[in-house]
Amino acid sequence: MTITPQNLIALLPLLIVGLTVVVVMLSIAWRRNHFLNATLSVIGLNAALVSLWFVGQAGAMDVTPLMRVDGFAMLYTGLVLLASLATCTFAYPWLEGYNDNKDEFYLLVLIAALGGILLANANHLASLFLGIELISLPLFGLVGYAFRQKRSLEASIKYTILSAAASSFLLFGMALVYAQSGDLSFVALGKNLGDGMLNEPLLLAGFGLMIVGLGFKLSLVPFHLWTPDVYQGAPAPVSTFLATASKIAIFGVVMRLFLYAPVGDSEAIRVVLAIIAFASIIFGNLMALSQTNIKRLLGYSSISHLGYLLVALIALQTGEMSMEAVGVYLAGYLFSSLGAFGVVSLMSSPYRGPDADSLFSYRGLFWHRPILAAVMTVMMLSLAGIPMTLGFIGKFYVLAVGVQAHLWWLVGAVVVGSAIGLYYYLRVAVSLYLHAPEQPGRDAPSNWQYSAGGIVVLISALLVLVLGVWPQPLISIVRLAMPLM
């Protein structure tokens with residue numbers, strides 16, 4: 001197979017991020033300079049984002065048997081790059097107070113971003129597995145980056161061991177699917193899995209094991225046990241990446257698998273996914289009710305958000321609207337999570353031991369950092385799905401898709417879950433406006449809005465509000481990603 005200039009243009013984001021990894025590695029070997037390496041990383045990620053315009057001009061194509069570049073891949077690549085950029089900008093002030101090696105942080109984020117881009121373009125079970133490993137392995141190091149803290153190290157060990165187990169399930173499931181179908185390409189799977197084939201025990205077992213592996217990576221019930229501990233133990237900028245980039249990339253590739261291979265046509269698989277979605281929505285919200293740690297609360301709430309997205313995935317067979325729903329919901333979830341975790345990162349910067357993540361640290365924040373408190377309020381309202389925010393548009397889409405596909409009990413679960421979610425999100429928002437404690441705890445720097453992280457947080461809040469009132473630009477972008485399938 002010959003690689004043409006057209007193919008190289010299609011692979012630009014992947015090549016640019018890969019080149020940035022090499023440049024940052026050489027820069028660290030040459031001389032440790034925190035500012036230089038952070039700047040190189042941000043320039044590389046921005047260049048990869050800009051290159052998406054050229055990719056769009058090249059059109060949709062299968063670059064290799066493992067990768068397909070089209071509108072869908074571009075949308076998810078863009079979301080992963082935005083999340084990686086935000087992670088780097090939040091990490092810079094946080095690392096300023098960190099006494100050990102700072103520069104490797106950016107290297108690990110870039111390698112994980114590379115895995116995310118590979119997942120967005122994956123068109124084959126081999127590239128799906130490679131992408132998941134490429135995004136997971138750097139996260140083992142990132143979660144335990146504050147290794148002098150017992151909690152961070154414990155979170156890293158938990159995540160490493162459980163992630164390895166999940167990967168083995170995923171790989172074994174792929175082996176069974178291959179044994180039955182004789183191919184690993186998504187398109188070939190779609191052709192080979194004809195009538196009645198999906199009821200073969202070996203194939204059902206294979207897809208079942210794959211659901212276990214992917215369910216762990218997406219922290220769906222009952223494979224979610226690592227989520228709250230890892231979110232709490234990981235440094236705040238890493239929790240940002242975990243909650244956004246890794247979830248978006250993996251959900252994107254699962255979406256593509258379901259589009260090409262008729263996995264959702266099997267009644268057994270649909271029932272299993274529906275039960276997982278129902279349990280994730282209800283359990284995630286109920287567990288978040290009693291949390292007094294913001295990162296744990298956001299960890300449990302992410303379980304329920306993935307449950308909502310699963311409703312749209314189950315309804316995928318009913319039409320293109322569910323693809324639109326997932327795109328809009330993930331964009332809303334990305335900006336809301338970036339804002340919420342960004343506030344936690346700003347409150348925890350520079351590094352001074354554990355993050356400012358207890359609810360008590362945010363009590364009365366409005367009285368000395370009013371804009372920051374307003375941003376956090378907007379993010380909580382968006383995550384709760386209150387009208388006039390982007391979170392509401394996403395949730396409305398999911399409900400519409402559920403109704404269209406007659407998934408009545410899942411629609412009921414979404415409504416009940418949203419009602420429960422409203423309580424704990426508003427609890428965080430209300431605590432920002434209570435009387436400040438006598439002895440103030442951690443606080444964001446007074447000039448936070450002029451820092452790169454502060455600007456990212458403000459832009460996220462602005463996007464959540466503007467797109468919540470006028471979502472048409474976002475819907476148009478998501479629709480552009482559809483016809484190129």
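Here the Cβ of each residue, glycine as well, is placed from N, Cα and C on the backbone.
Per-residue pLDDT, averaged along the topological domain 'Periplasmic' (1-7), amounts to 80 for this model. Per Swiss-Prot, topological domain 'Periplasmic' is recorded for 1-7 (among others), and the stated evidence type is sequence analysis.
As annotated by Swiss-Prot, topological domain 'Cytoplasmic' applies to 29-34 (among others). Within its own chain, the topological domain 'Cytoplasmic' (29-34) is flanked in space by residues 92, 95-96, 101-103, which lie at least six positions past its ends and keep a Cβ under 8 Å from the stretch.
Residues or ranges marked as topological domain 'Periplasmic' by Swiss-Prot: 56-70 (among others).
Feature annotation from Swiss-Prot assigns topological domain 'Cytoplasmic' to 92-104 (among others); the stated evidence is sequence analysis.
Marked as topological domain 'Cytoplasmic' by Swiss-Prot on the basis of sequence analysis: 148-158 (among others). Remote same-chain partners of the topological domain 'Cytoplasmic' (148-158), defined as residues 6 or more beyond its termini with a Cβ less than 8 Å from a stretch Cβ, comprise 100, 140-141, 226, 229-230, 232-235, 353-354.
Feature annotation from Swiss-Prot assigns topological domain 'Cytoplasmic' to 224-234 (among others). Long-range neighbours of the topological domain 'Cytoplasmic' (224-234) within the same chain, counting only residues 6 or more positions beyond its ends whose Cβ lies under 8 Å from a Cβ of the stretch, are 142-143, 145, 149, 151-156, 158-159, 162-163, 216, 242-243, 280, 283-284, 287, 291, 293, 295-296, 298-300, 302-303, 357.
Long-range contacts of the topological domain 'Periplasmic' (256-270) within its own chain (CB-CB distance under 8 A, at least 6 residues past either end) are made by residues 72, 122-123, 128, 186-187, 189-190, 193, 198-199, 204, 207-208, 211, 313-314, 316-317, 323, 485. The topological domain 'Periplasmic' annotation in Swiss-Prot covers 256-270 (among others) and is backed by sequence analysis.
Long-range contacts of the topological domain 'Cytoplasmic' (292-296) within its own chain (CB-CB distance under 8 A, at least 6 residues past either end) are made by residues 228, 231-232, 236, 239, 340, 344, 355, 357-360, 362, 428. Residues or ranges marked as topological domain 'Cytoplasmic' in Swiss-Prot: 292-296 (among others).
Residues or ranges marked as topological domain 'Periplasmic' in Swiss-Prot (evidence: sequence analysis): 318-325 (among others).
Beyond the ends of the topological domain 'Cytoplasmic' (347-372), by six or more residues, the same chain brings 90, 93-98, 146, 149, 151, 232, 235-236, 292-297, 427-428, 431-437, 440-445, 448-449, 453, 457-458 to within a C-beta distance below 8 angstroms of the stretch. Here Swiss-Prot flags 347-372 (among others) as topological domain 'Cytoplasmic', drawing on sequence analysis.
The annotation topological domain 'Periplasmic' is assigned in Swiss-Prot to 394-407 (among others) on the grounds of sequence analysis. Within its own chain, the topological domain 'Periplasmic' (394-407) is flanked in space by residues 274, 308-309, 311-312, 314-315, 317-319, 321-322, 324-325, 328-333, 385, 414-415, 418, which lie at least six positions past its ends and keep a Cβ under 8 Å from the stretch.
What Swiss-Prot records for 476-485 (among others) is topological domain 'Periplasmic'.
Swiss-Prot lists 71-91 (among others) with the feature transmembrane segment, giving sequence analysis as the kind of evidence.
When Cβ-Cβ distances below 8 Å are used as the criterion, the transmembrane segment (105-125) is approached by residues 13-14, 17-18, 20-21, 24-25, 28, 37-38, 40-41, 44-45, 48, 62-63, 65-69, 72-77, 80-81, 83-84, 87-88, 91, 95, 131-139, 141-142, 145, 174, 177-178, 184-187, 189, 241, 245-246, 248-250, 252-253, 256, 260 of the same chain, each at least six residues removed from its ends. The feature transmembrane segment is assigned by Swiss-Prot to 105-125 (among others).
As annotated by Swiss-Prot, transmembrane segment applies to 127-147 (among others), with the evidence given as sequence analysis.
Taken from Swiss-Prot, the feature transmembrane segment applies to 159-179 (among others).
It is 271-291 that, among the stretches 127-147, 235-255, 271-291, 326-346, 408-430, forms the most Cβ pairs under 8 Å with the transmembrane segment (203-223). Counted over residue pairs separated by six or more positions, the transmembrane segment (271-291) shares at least 3 Cβ pairs under 8 angstroms with the transmembrane segment (297-317), which defines the two as touching. Ranking 71-91, 159-179, 235-255, 297-317, 326-346 by CB pairs under 8 A with the transmembrane segment (127-147) puts 235-255 at the top. The highest tally of CB pairs under 8 A with the transmembrane segment (455-475), across 159-179, 373-393, 408-430, is held by 373-393.
For the transmembrane segment (71-91), the most Cβ-contacting stretch among 159-179, 235-255, 326-346 is 235-255 (pairs under 8 Å). If you look at the transmembrane segment (235-255) against the transmembrane segment (326-346), you find at least three C-beta pairs under 8 angstroms, all six or more positions apart, and that counts as contact.
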